[in-house]
Every structure is written in structure tokens, then in C-alpha cells.
Amino acid sequence: MLSIMDFINDLYNPILSFLPRALLVAAVSAVVCAIVGTHVVLRGMAFIGDAVAHAVFPGLAFSFITGGSLVLGGAVAGIATAILVALLSQNRRLKEDSVIGVLFVGAFALGIVIISRSAGYAGSLQDFLFGSLTGVSVDDIPLMLIGSLVVISILAFFNKELVAVSIDRETARALGIPVLFVDIVLYVSVALAVVISVQTIGNVLVLALLVAPAATARLVTNRMSSMMTVASILSLISSFVGIYLSWALDLPAGATIVCVLTVVFASVWLCAPHHGILAKYFSTWKMHKNLSD
Amino acid sequence: MNTFKLLKNTQTSESHISTQKTADTSNRVHTHEHVHHALDVRCLNVTASGRTILDDVSLYVDAGEFVALIGPNGAGKTTLLRSILGLMNHSDAGISSFGAKLNPRSIGYVPQRHEFAWDFPITVRQTVLSGLTGMLKFGRWPRLEHYKAVEEAMKRADITHLAQRPIGELSGGQRQRVLVARALALRPSILLLDEPFTGLDMPTQELLNDLFRSLAREGHAVVMTTHDLISALNQCDRLYLINQTVQACGTREQLQDAKVWIDTFRIRETNPLLSALGLITSEQVSSGQVSSEQEESASGMNVPDATVRSISEFDMSSKNIRAEIYLAENKEKTCRELKGDEE
């Protein structure tokens with residue numbers, strides 16, 4: 001197996017220039033997804049995140065066969081779905097999850113129909129769905145960096161409204177906060193975060209990048225700001241380790257990153273100081289022991 | 001017909017009308033004399049998908065009053081609050097505050113506790129500050145005056161010592177106080193409380209009742225919906241019995257007619273609720289036999305027939321409640337006497 005030093009040497013190898021590029025994009029998407037994901041986890045809207053992630057696919061497919069910018073194509077499709085989900089979910093006759101269930105599978109199917117028009121589509125389909133280290137083109141990088149900055153700025157700008165709507169929707173409405181608009185802002189941020197990360201980690205797996213780091217961070221923090229920070233750091237480390245393992249063992253990049261994230265989540269879930277399973281078990285055991293003494 | 005309905009349901013402040021049926025229909029239209037009400041709702045109608053939820057509801061609350069809206073489930077209490085807040089489509093002949101059109105954004109709203117995401121990682125202080133979000137524009141950060149309002153509200157609700165605590169670690173009563181403080185941060189003249197006592201134990205309810213009463217005494221118009229009829233009857237200045245429309249309104253003394261309670265709650269005449277509220281045995285209470293009342297009711301002797309019937313269907317705990325009503329009543333009397341002295 002390749003050692004860490006060999007991996008770092010490879011990063012500086014000009015022939016392997018796609019490798020640092022993939023690492024950069026993975027790092028940026030790790031941070032953006034961790035911050036957006038904090039809102040997603042706290043609102044309990046993982047399913048909406050999944051829907052928006054899948055809805056990006058037809059846009060990517062369309063850009064792919066027409067030779068346009070993948071980031072732009074994905075962003076347009078994602079934002080359109082985000083707004084559609086927000087509007088349709090206001091109608092309480094149909095439960096939100098049904099609307100999303102119909103929309104996201106429909107969008108995904110449309111994406112597959114579009115991409116099947118290109119010759120030899122199986123290979124590119126796999127790259128889209130599961131990500132690839134070599135997938136990031138040089139032209140897309142500036143657009144991605146700008147997109148990341150835009151997403152983080154949007155979330156910072158609307159932070160107090162996002163929090164007010166998340167903690168108490170009804171009162172937020174009573175306070176005169178435009179709840180639908182705030183929802184759309186969050187859904188669009190999710191769409192943009194997905195578009196930024198979809199090329200390295202893949203369309204199917206991007207949900208893990210949104211949810212896993214934030215969920216892990218929630219187990220060890222009690223403040224939103226610290227939750228975002230911890231989630232970003234965990235996500236950065238996991239992405240680095242994931243890409244290293246993927247390069248060293250010749251594994252698919254997205255899947256490896258997600259496996260690392262899952263292992264981190266499981267370990268924290270077990271061992272977190274206050275909210276971990278072991279800590280709870282231990283405190284119960286200690287209480288029983290004290291009682292029997 | 002419409003005019004009759006309007007007359008029937010509107011009330012004036014000088015003569016607290018006790019029931020719809022006995023309402024004096026002369027001179028009842030809201031006019032300039034209602035200018036002093038902190039909250040004045042006239043002829044509010046709400047229909048949803050063809051079904052009438054609220055039918056010609058009129059009510060008023062003065063500054064300094066603590067008023068309860070009571071009624072069975074589905075009576076439209078929460079709908080009424082949501083309409084006042086401008087969250088429901090409704091028609092009305094005017095909702096005003098001190099003679100001017102009411103701005104719903106200036107109301108302090110305390111929702112039911114389960115509406116709030118208590119697992120959100122946020123401190124008590126930040127939660128109270130979030131009550132000012134609507135007032136601050138997009139992208140604007142709170143300034144010194146806003147932080148001052150937050151500290152003031154926390155002090156008023158007695159949660160300053162919890163300011164740094166994550167909300168997930170609070171008890172039910174503390175959570176209710178946080179929601180009250182969040183509403184107070186707006187410095188509202190009207191406070192709407194939606195079932196603040198649900199799921200709280202007696203001592204916590206007592207403390208919260210004290211808080212709500214003292215907020216009213218400081219000049220807020222405090223309106224609460226509740227299912228705790230006994231505490232509402234004892235603690236509130238006036239009550240509105242609501243079931244689709246205002247069935248009755250008035251002070252504790254004016255609501256002694258068991259019939260309006262039977263109509264509002266659609267219960268039988270023998271329902272233990274009526275004796276728990278002291279409606280069936282009120283003659284005894286007022287004729288001064290109360291000192292020995294507990295013994296009497298325990299043995300079932302010297303009690304009018306109608307009462308015996310209801311008491312026999314009635315367990316020990318509600319007798320205690322009746323004793324409590326008596327004590328609370330006496331307390332109220334003392335308060336009134338004290339007030340009289342002060343004046």
C-alpha cells in the first residue's frame with residue numbers, strides 16, 4: 001500500500017495534476033456541505049437534501065451531452081427543483097415527503113434518459129453517480145470556488161432568519177419573516193453545495209457529505225457555530241483520508257470518503273463524552289453500582 | 001339577521017355581559033368608546049374549506065387584564081389566536097388596538113411548547129434574541145438596544161441565570177418562561193399565550209400564573225387559551241367561553257350559570273366538571289356554610305338533592321379541588337380588600 005509520504009509526493013507530480021485538483025474540490029465541498037448540512041440536520045430535512053441532490057442530475061446530464069458547463073447546468077436544475085419543492089410543500093393536502101418522492105425520482109429518471117442519448121454513456125453515468133478523482137476539469141475550478149463563497153455568504157447573511165424559522169416556524173410567520181423565501185434560500189444553498197461536490201463524490205453519495213459530518217458534530221456540540229466548525233473539520237479530515245485511501249488502494253473516491261465519514265460517525269456515536277452510547281451505558285452502570293453498594 | 005348577530009356578539013366594557021342569551025342588545029355596537037381597549041376584535045369570521053370555524057367572534061381585552069379563552073377541543077381557540085396574528089384568512093369588522101388598526105407584528109406570541117424545536121443547539125439568550133428577528137431587517141445585526149430588550153425580557157421572566165444554558169437542558173416550566181421572554185423582547189402591549197400550562201405540574205403552573213398576572217398588572221393585555229378551567233376561573237380577570245362563537249363572557253362571578261358551561265363544553269348536567277367549578281354548590285359557598293363544607297360533602301348530609309347526585313359521582317380529589325376554589329376565592333377577596341385599602 002502507498003504510504004502517506006508517497007501520496008504527498010504524488011500530489012506534487014505534474015503528470016498527476018488532477019490529484020491536487022480533486023483534493024482541492026473535495027476540501028471545498030467538505031466545508032460547504034458541512035455548513036449547509038448543519039442547517040439540513042437541524043431542520044430534519046435530510047430527505048429534501050436527497051431530493052435536491054438527485055434533481056441536479058438532469059442538469060448535469062444535459063450539460064454533459066451538449067458540452068456546456070457542468071456546474072452551471074447542475075445549478076440551474078437544482079435551483080429549479082429547490083423552488084418547486086418549496087412551493088409544492090406549502091400545500092398541506094399532500095405530505096411533503098410524497099411530493100419530494102415523486103419529484104426526485106422523476107428528475108433522476110429524466111437525467112438518465114438524457115444521458116442515455118450520448119454514446120458510451122455507461123462510463124460517464126458511473127462517474128456522475130459515484131464520483132471520480134479525474135472528473136474535475138480545470139475550467140470548473142474558479143466557478144466552484146466562487147460558488148462556495150456565494151453559498152457561505154448567503155447562509156451567513158440569512159443566518160438569523162434561518163434559525164428563527166428552524167426553531168419555530170409558526171412564530172417566525174407571526175413575526176413577519178417570509179418563511180417561504182427563507183425555505184427557498186436554504187434549498188437553493190443545498191442545491192449549490194451538491195453541484196460543487198457532485199463531481200468528486202458523486203450524485204448518489206453526496207447526501208452523506210451533507211448529513212454525516214453535521215450529525216456527528218451534533219453529538220459533541222451544543223452551539224450552532226461550534227457544530228459548523230466541528231462538522232467542517234471532521235469533513236475535511238475524512239475527505240483527505242478518503243482520497244488518500246482511494247488513491248492508495250485504488251478504490252472509488254466518493255465511496256471511500258463516505259465510508260470514512262460513516263466510520264467517524266459510528267465511533268463518535270459510540271464514544272461521545274456525554275451523548276455517546278458507551279457514556280450513557282457507563283453512567284447507568286455506575287448508578288446501579290452505587291445503588292447496590 | 002346579520003345586525004342581530006352583530007349586536008348579539010359584541011360586548012361593551014362597562015357592563016360585563018355574562019351570557020349571550022341574557023345579553024342586553026341595546027347600545028352594543030363597538031364605537032368610539034372601545035378606543036381604549038388594548039385588543040378589540042369585532043365580528044371575526046373564519047371558514048376553512050366550506051366549514052365555519054369561527055362565527056362572528058367579538059372580544060376585547062384591556063391593558064392590565066388577564067383574560068382566558070376557554071372551550072372544548074376544536075372550538076376554535078387557536079384559530080382565533082392565529083387570526084389575530086394575521087396567520088389565517090378571515091373576515092372581520094376590524095381588529096384594533098387603542099383605536100388604531102392592530103399591527104400583528106407588535107403582538108407578543110407564545111406558541112404551544114411543542115411547536116418549538118427544543119433540540120436545536122442554541123442558548124436561552126439567543127432564543128430570546130430570535131424574537132426580534134422580524135423587527136430587524138435582512139442582514140442586520142442586533143444592536144445595543146436590542147440586547148438591552150433581551151436582558152430586560154429575561155429578567156422579567158426570571159431566566160437570567162439560565163442565559164447561557166442550551167435550551168435542550170431546560171425543564172418544562174423553564175421552557176415556557178423562555179417562550180414568554182422571547183415574546184416580551186418585542187416589548188409588546190398584547191401577549192397571546194397558547195395553552196401555556198399543558199403538561200406542567202401544579203407548582204410550575206402556580207409560578208407561571210403569578211408571572212402572567214404580574215405582567216398584566218404591569219399594563220400588558222394578557223390573553224391565554226387553556227384547558228385548565230379551575231385555574232383560569234381563579235386567576236383570570238375575565239373569561240371568554242368559546243365554541244365556534246363567544247358563548248359567554250365575564251368575570252368568575254358573572255359565569256355562575258351552569259347552563260352556559262353545559263352549552264359551551266357540550267357536557268351533561270351531571271358532569272363532575274360543574275361541581276369542580278363550584279357551579280352546582282355555589283349557594284353553599286355564598287351562604288357562608290363553607291367552613292364545614294368539606295365534612296358535609298364527605299358525609300353527603302345537609303346538601304341539596306341536586307348536589308348529592310353530582311357529588312356521589314364525584315371522587316375525593318375533586319372535593320379537594322372545591323376546597324381549593326374556596327381558598328382561592330378567599331384569597332381573591334383579600335386581594336380585593338387590600339386593593340381597596342390602597343385606593
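Each residue, glycine too, has its Cβ placed from N, Cα and C.
Look at TrEMBL and you will find A:21-42 (among others) tagged as transmembrane segment. Tertiary proximity for the transmembrane segment (A:21-42) is limited to same-chain residues at least six positions away from its ends with a CB under 8 Å from its CB atoms, namely 11, 48-49, 133-136, 138, 141, 144-145, 148, 151-152, 155, 162, 166, 186, 189-190, 192-193, 196-197, 199-201, 206, 209-215, 217-218, 224, 227-228, 231-232, 234-236, 238-240, 242-243, 253, 257.
Annotated transmembrane segment per TrEMBL: A:62-87 (among others), in sequence order.
Sequence annotations record features per position, and here TrEMBL assigns transmembrane segment to A:99-121 (among others).
Annotation source TrEMBL lists transmembrane segment at A:141-158 (among others).
Taken from TrEMBL, the feature transmembrane segment applies to A:179-198 (among others).
Sequence annotations record features per position, and here TrEMBL assigns transmembrane segment to A:204-221 (among others). Panel annotation: around the transmembrane segment (A:204-221), residues 29-30, 33-34, 36-38, 40-42, 46, 49-50, 53-54, 129-131, 190, 193-194, 197-198, 227-232, 234-235, 238, 254-255, 257-258, 261-262, 264-265, 268-269, 272-273, 275-276 of the same chain, lying at least six beyond its termini, place a Cβ under 8 Å from a Cβ of the stretch.
Residues or ranges marked as transmembrane segment by TrEMBL: A:228-247 (among others).
What TrEMBL records for A:253-272 (among others) is transmembrane segment. Within its own chain, the transmembrane segment (A:253-272) has Cβ neighbours under 8 Å at 22, 26, 130-133, 200-202, 205-206, 208-209, 212-213, 215-216, 219-220, 234-235, 237-239, 241-243, 245-246, 278-279, counting only residues six or more beyond its boundaries.
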Candidate ranges A:62-87, A:141-158, A:228-247 - greatest C-beta contact count to the transmembrane segment (A:179-198) (under 8 angstroms): A:62-87
Beyond the flanks of the transmembrane segment (A:141-158) by 6 or more, those residues with Cβ under 8 Å of it: 21, 24-25, 28-29, 31-32, 35-36, 39, 69, 71-72, 75, 182, 185, 188-189, 192-193, 195-196
